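Here's what TrEMBL has on this protein:
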DOMAIN    251-337  domain 'CAAX prenyl protease 2/Lysostaphin resistance protein A-like'
TRANSMEM  80-100  transmembrane segment
TRANSMEM  107-128  transmembrane segment
TRANSMEM  134-155  transmembrane segment
TRANSMEM  197-218  transmembrane segment
TRANSMEM  247-269  transmembrane segment
TRANSMEM  281-298  transmembrane segment
TRANSMEM  304-320  transmembrane segment
Amino acid sequence: MKSWLTNQTSKEHDWVNQIRSDFNCDNSPVDFKTWEFLIFIFGCYIKEILDACVATFTTNQGIVKLSDLFSHIYPLNLEITWTIILKIAIGYALLIYFNFRYYGSKSLWYIIIFWIFCVAFPSFDSLVKANLKWMGMVSAIKLIISFGLFIYFFAIDPVHLDSLKLLLYDNLEIDITTGRIYRTYLSKVSKKKVGKLLMAITVVVASSILLLLLMQILDKIMGSPQKKPREKSTNQKMIESIFKTSWHGWINVAISSVITAPILEELIYRRCIMKIGKYKWWTTIVSAFIFGLVHLHNDSIKQIIPYIFPGMVFATTLYISRNIWHCIFAHSAYNFITLINMMINN
């Protein structure tokens, strides 16, 4: 029995290693310790975690966020107060620690990029809500920073473009000195590789949909006949409301959901998180949880489930292949199918 289990484990490792040898070009090490990774990730999202817990356990009282607990205590009844305490203060303290601890390390870039999108941007949004006259300037700053992120990922850090080449082309040349991958005059788009990519996308999307269907079936089986259907998340309600406005809203949502969101979300919530965590298996769980958390808007923690399942599948895909483009294309296809379903139902 022990021998059979050993052989099965060995076969699984061989299968995964073969996939990684075909698609992985991200072999640069990171310097962070496990406890630093956990403190950083959950420290950046401590406010969102507390808000979700408050919304979950005090729903009947109409309390949906931390500031609602202190409705009669000024200034604790202000959302901006908790943003300053839990988002800005803790977030900046974490950034300062990592900057001094790992100054000069290339790994620090992943910390900075994750921090910008998960601490700085939400803090900007909260400050804008307190004073709407800054909205235009903050939007411009976020747009410039986002553009800078694309420049970093696709011009400065070569891994992402090299990963795309591995996914599509045959007869590539590898520079042993730099590790860069280059196309030659013999390099052509491989029908076999494209076929494998389409198959991988199909499997990932189908797995995500099946998990969601399984969740809905279990929800009906375990619930009482009088139980109300699972309430939609605020994020889903917002998207559906945009569909009902005009065709302009459809186009904006389609571009955001099928192109922009898959690229940014996979780079931030899969690539950065799992890279900082050294691609350990449990980073897939952390990645899926954070991915679900960012889609909550003063919702109960129960609303995280429809986002955790696809997030878990995308994270597992990256864990196996080490190629972020599998996740980006699968995420885009999944969002496209979800949008079509919403359009039909609305």
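Positions of Cβ are set from backbone N, Cα and C atoms, glycine also.
In TrEMBL, annotation is done automatically, which means it is predicted and not curated.
The listed stretches are 80-100, 134-155, 281-298, 304-320; of these, 304-320 has the most Cβ pairs under 8 Å to the transmembrane segment (197-218). Of the recorded ranges 80-100, 107-128, 134-155, 304-320, the transmembrane segment (281-298) has the largest number of C-beta contacts under 8 angstroms with 304-320.
As a summary of secondary structure, the domain 'CAAX prenyl protease 2/Lysostaphin resistance protein A-like' (251-337) carries 72 helix, 0 strand, 15 coil according to DSSP. When pLDDT is averaged over the domain 'CAAX prenyl protease 2/Lysostaphin resistance protein A-like' (251-337), the result is 90.
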